[in-house]
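Listed in TrEMBL for this protein:
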type	residues	note
BINDING	Asn15, Asn76, Gly86, Asn87, Asn158, Asn191, Glu209, Arg210, Gly219, Thr220	substrate binding site
ACT_SITE	Cys85	active site
ACT_SITE	Cys85	active site, proton donor
ACT_SITE	Cys218	active site, proton acceptor
Amino acid sequence: MSTRIPFLKGHGTENDFVIVPDPENAVDLPPAAVAALCDRRAGIGGDGVLHVVRSAAHPEAREMAAGAEWFMDYRNSDGSIAEMCGNGVRVFARYLQYAGHAAEGDLAIATRGGVKTVHLAKDGDITVGMGRARLPEGEVTVSAGGRSWPARNVNMGNPHAVAFVDDLADAGDLLSPPAFSPASAYPDGVNVEFVVDRGPRHVALRVHERGSGETRSCGTGACAVAVAAARRDGVDPAVTGTPVTYTVDVPGGTLVITERPDGEIEMTGPAVIVAEGEIDGEWLKTVVG
Ligand SMILES: N[C@@H](CCC[C@H](N)C(=O)O)C(=O)O
């Protein structure tokens, strides 16, 4: 009889994930397996995989085990590894609640970007302490759809280039990754956000994610956009001593981002589990080759 590997499917503002609960880190997930699972025609389909492992059982997370029982081993849909996924960490927390590993209230989750504190609210939304943004100096230009824009380099644990545009359609079909220069700006690739204004402290974005293509939402991207918009608007909570909140519309919903005077950023949004089932282990072995 073939091996059955449990999985769930979930999303946060339509950034969707295949969730693989694997407390003891026993499931082998090489890049080809992740890409096969995320394939929307021949697999389950998703922008990425959330491999749910006990921190103590994962070599990259053992040091965080004392502060966070669970490690989000996040993978992009092409199988590449990323430091952090903002929508993913909310969906990860929702899974832990669904599976009875967590209750309403605060929860610490280990990620490659460090331990994140997540708050599961009664109303169903989830707030994540996303840490501080880094704003490396230097001019960056991004190009897509035959046009180019200056972009703000924002690091949320993972790299982002934020470009303010007149119209979200200006970025074209985003079927291939936007180009950027200088080439040295992002040696490991970059997530690119295209942003328009919707009102006071209210913006909308499209995103092309490193390793996943255009997605319906990006949590770290929404945080990067909120910080870039605030600085563009002349607002820095570290200077004013007052938190600033931006509403960020994404194609799949809305995220609310607050930057505090100490630089800490909080993101609030939904997270939903939509299905669960079993992966045929023999199929997975076949696609991996
Ligand atoms: N969708 C995510 C970001 C996932 C990682 C990203 N593609 C990268 O390679 O850095 C989010 O919600 O933050």
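Each residue, glycine too, has its Cβ placed from N, Cα and C.
Note that TrEMBL annotation is computational and uncurated.
Positions of TrEMBL features highlighted on the structure.
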residue : record                       : CB count, 10 Å
Asn15   : substrate binding site       : 31
Cys85   : active site                  : 30
Gly86   : substrate binding site       : 30
Asn158  : substrate binding site       : 25
Glu209  : substrate binding site       : 29
Cys218  : active site, proton acceptor : 36
Gly219  : substrate binding site       : 28
Restricting to the record's substrate-binding residues (Asn15, Asn76, Gly86, Asn87, Asn158, Asn191, Glu209, Arg210, Gly219, Thr220), give me the longest CA-CA distance in Å as a whole number. 16
Nearest-integer angstrom distance between the alpha carbons (Cα) of Cys218 (active site, proton acceptor) and Cys85 (active site): 8
Other than Asn15, Asn76, Gly86, Asn87, Asn158, Asn191, Glu209, Arg210, Gly219, Thr220, which residues of the same chain sit close to substrate? List them in sequence order, counting a residue when its Cβ is within 8 Å of the Cβ centroid of the site. Ala82, Met84, Cys85, Gly88, Val207, Ser212, Thr215, Cys218, Gly221
Rounded to an integer, what is the Cα-Cα distance in Å between Gly219 (substrate binding site) and Cys85 (active site)? 7
So, three-state DSSP: helix, strand or coil for Gly86 (substrate binding site)? helix
